[in-house]
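Report on one structure; see the data block that follows.
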Number of protein chains: 2
Amino acid sequence: MIPPNHPRYRSLLERERLVEGFREGYVVPQGLIAQGRGECFDYLLGEETQQFALEAITAAAAALLLAKHPVISVNGNVAALTPREVVELSEAVPALIEVNLFYRSREREDKIAEVLKRHGAKSVLGVGDDASCTIPELFSERRRVSCEGIYKADVVLVPLEDGDRTQALRRLGKTVIAIDLNPLSRTAQAASITIVDNITRAMPRLVDAVRRMKNASREELENVLKNYDNKRVLASALLHISKRIEELAKNIRES
Amino acid sequence: MIPPNHPRYRSLLERERLVEGFREGYVVPQGLIAQGRGECFDYLLGEETQQFALEAITAAAAALLLAKHPVISVNGNVAALTPREVVELSEAVPALIEVNLFYRSREREDKIAEVLKRHGAKSVLGVGDDASCTIPELFSERRRVSCEGIYKADVVLVPLEDGDRTQALRRLGKTVIAIDLNPLSRTAQAASITIVDNITRAMPRLVDAVRRMKNASREELENVLKNYDNKRVLASALLHISKRIEELAKNIRES
């Protein structure tokens, strides 16, 4: 349907995958809107993985490898965009996989678990009665998590998470790794490590980083984390966007 | 449902209106993604109507009032977000209203016409057999327009239009007024007059401008257009966004 030479081919393909997940009933309308917001920020980033993202990916790999109980949180958009990479990452670390939804329903939980299992996942937490522990300070269905998963986790990877939950997980003393194209979002600001990049580019790179750093010593990994400064990384991302927009403005005035 | 003191109240309300239009079957999934992209740019703009938008609104009002055959093009997102303002504008100018869809179906045409009539529209073009003229260079359903509407128009207001169609209308020698939050989009770049603003803020202001300028002489209106420079307006919008992001970056580094 989409010609491969279309200037926005990659972005349109991602959109199609989302719309497909939506038709299958596990992506919600709000997830489509969130994808659109992401597209805009990706465009401003230059649609490439930048240095500040690589730095955050290295720190994220170190945090996952040092963790006692790492968990990967998966929502509808994550399942639509990078199901294979979620499974690969869970095997490489190793880490548990948990379905974690803002708009929770048994049907969506089941469908997302099915997508992940179709891509090789052996076990998926957070489905049905398994999500019976609660995160304090959050309301209704959004507070439910697996007692064996996010509830117990010391490190949680939350690609495409919302701000409230990221803050609540931080207050419980957990290390939170977010993947977020918007360096200004509350999620990006609240996370311990923020990968400002498109999830479809960041996830394969995170899998590679974990495999590469797998044999590093604890000391080396701890050093990576000690030298990591999330505020500096976020500021670099904003400056990058700002410079890019300014250049584009100059080009328009001169054209 | 959404507490009025929520920091993103207005934006969440707009989102709900879109999701409602989607459930009623006249907003398409791609329209939800487009809304998300718009939200991101609106955030970067500061979620307020800026000077460059006011300048474009004044020029747009002049162009509409000078037109021999002005037409307002309406798609699903426009019908969901500003149905009342479309009707008010069509009466104030006066201008024709035409349903014009990227993903055309008789069902969507009918539903959008119904929404507009519910808000007071007396006549709506572009529904069913009325859309039997074609715009050259465009493919399939996207080329269909009303012979009495866009096909004959000298000035077309296309809020939330796509780039291809904007370019095709320009090549036919028409004056195209776009409302687009992204000053870099092909639509924004191709239009004769680009209002870089949220449609929900821009449309009521455009109605006011038309009412206010209604009694101006042709000469005064022509002067407004003669002094208007769309490239300068787009460059101002980009510079504004760029400065705002740079400031936000500074704040993050200093916090």
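Each Cβ is built from the backbone N, Cα and C atoms, and glycine gets one as well.
Unlike curated records, TrEMBL annotations are generated automatically.
Taken from TrEMBL, the feature ATP binding site covers B:ARG15, B:ARG37, B:ASP180, B:LEU181, B:ASN182, B:ARG186, B:THR187, B:ASN198, B:ILE199.
Taking the features listed in TrEMBL, we show where each one sits on the structure.
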{"residue": "B:ARG15", "record": "ATP binding site", "Cβ neighbours (10 Å)": "19"}
{"residue": "B:ASP180", "record": "ATP binding site", "Cβ neighbours (10 Å)": "28"}
{"residue": "B:ASN182", "record": "ATP binding site", "Cβ neighbours (10 Å)": "24"}
{"residue": "B:THR187", "record": "ATP binding site", "Cβ neighbours (10 Å)": "22"}
{"residue": "B:ILE199", "record": "ATP binding site", "Cβ neighbours (10 Å)": "23"}
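If you compare every pair of Cα atoms in B:ARG15, B:ARG37, B:ASP180, B:LEU181, B:ASN182, B:ARG186, B:THR187, B:ASN198, B:ILE199, the residues listed for ATP, the longest distance is 24 angstrom.
Proximity to chain A (Cβ-Cβ under 8 A) holds for B:ASN182 out of the binding-site residues B:ASP180, B:ASN182, B:ILE199. In the three-state DSSP reading, B:THR187 (ATP binding site) counts as helix.
B:ILE199 (ATP binding site) falls within a helix when secondary structure is assigned with DSSP. Secondary structure from DSSP puts B:ASP180 (ATP binding site) in coil.
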